Amino acid sequence: MGYRAFALKNLARHAPKYLPFADVASEEVPLSRLLRLSLFQITVGMTLTLLAGTLNRVMIVELAVPASLVSVMLAMPMLFAPFRTLIGFKSDTHKSALGLRRAPWIWKGTIYQFGGFAIMPFALLVLSGFGESVDAPRWIGMSAAALAFLLVGAGVHIVQTAGLALATDLVAEEDQPKVVGLMYVMLLFGMVISALVYGALLADYTPGRLIQVIQGTALASVVLNMAAMWKQEAVSRDRARQMETAEHPTFKEAFGLLMGRPGMLALLTVIALGTFGFGMADVLLEPYGGQALHLTVGETTKLTALFALGTLAGFGTASRVLGNGARPMRWSAGCTDRVPGFVAIIMSSLISQDGIWLFLAGTFAVGLGIGLFGHATLTATMRTAPADRIGLALGAWGAVQATAAGLGVALAGVVRDGLVALPGTFGSGVVGPYNTVFAIEALILIVAIAFAVPLLKRGGR
């Protein structure tokens, strides 16, 4: 027990110096409790890395699944993103015999995650025609894989929306943006750590190892999410009785009130445009580095770490200035950092010397802008929403962000491939289509800034 107390004391003393947003901890809600709660973001990071990174490559290369079919499967989780607003509202108004609001929804999402991961490896092997499944009807593998990805996506959206709402319930209103920022920092950590673990486990790929890794992720998701929500919400019979008698508006009424708040529609439009531009960049940076700058697979993989470092720097900067009273909409113009970033990325393929360094600088700048933009718009959304509808506001923010990012990822590949297919437009070079897409992204971000200007003039929070 003495060692545990010593470790917790040193964690509370030193973490604020090195971990962004760690200063949100207090005597009532110590950092150890917040970090334990953030384990749900670790499982979300594991899932995102497994789907978008590891399985993306395994399905195309090792399992020889057509790339178009892989894209459809990876887009399945996006179908559930618009429902995050409803999830947030349901967790705000949930009625429980134990007086719990968020924990039941986190558990529901965990079950969805587990179910999807449990059937996913076998569905993918059937989809690829592995072994005796080569004679199975094609629709069986496609249907099972689609169901697996849809279940996992639904689980991730439910867990993240309810988990973030629970995090905001634990702290004072002025600290809510900071605690959500801390949760997103842990999401980035989860993505980086899980990428290293998955890479090591699947270094020598076999179908059996694929089954072990995916089902191990299913088990880890259950264990970590249970640890995250354990004793975070206090059981209260009195609160349960209040829940039974409390009158709540319908979802339509609550959503209408939220959208009727001054500036909310314009704010969500800015979020959609800015995140859409980010989504288009996310899917093309690594192939651009390989084809335009001739970077190796190992070198392009490190772009993820550089990108995450820039995002962390943006989150940390936004946390510091917003904590000192700065207006979030002014800092949401952090997407202006991404416009020069895209210019640097485009120029990196057009100069003969030091192009790689310019590309790396542009990648970091894009990550920095994303961190500033994401935290500032999240803070603005929470400040605009009513105090008793934080879950609904977080759901709306998450729904817009996830949907816009998914559409950006899908459209970037389509536009790039369409430009490549145009005869004689770019000659035999591979750089032109990429640079055109990056230029489109920069224009979209400029439009986002234009939509943010009226919010700045209004002088809102």
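Start at 1 and count along the chain as shown; that gives each residue its number.
From the backbone N, Cα and C atoms, a Cβ is placed for every residue, glycine too.
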On the same side of the membrane, P207 and R327, at least as Swiss-Prot annotates them? no
Proximity of the transmembrane segment (110-129) to the transmembrane segment (303-319), 3+ C-beta pairs under 8 angstroms: no
DSSP helix/strand/coil residue counts for the topological domain 'Periplasmic' (130-142): 10 helix, 0 strand, 3 coil
Feature contact check the transmembrane segment (437-456) with the transmembrane segment (359-376), CB under 8 Å, 3 or more pairs: no
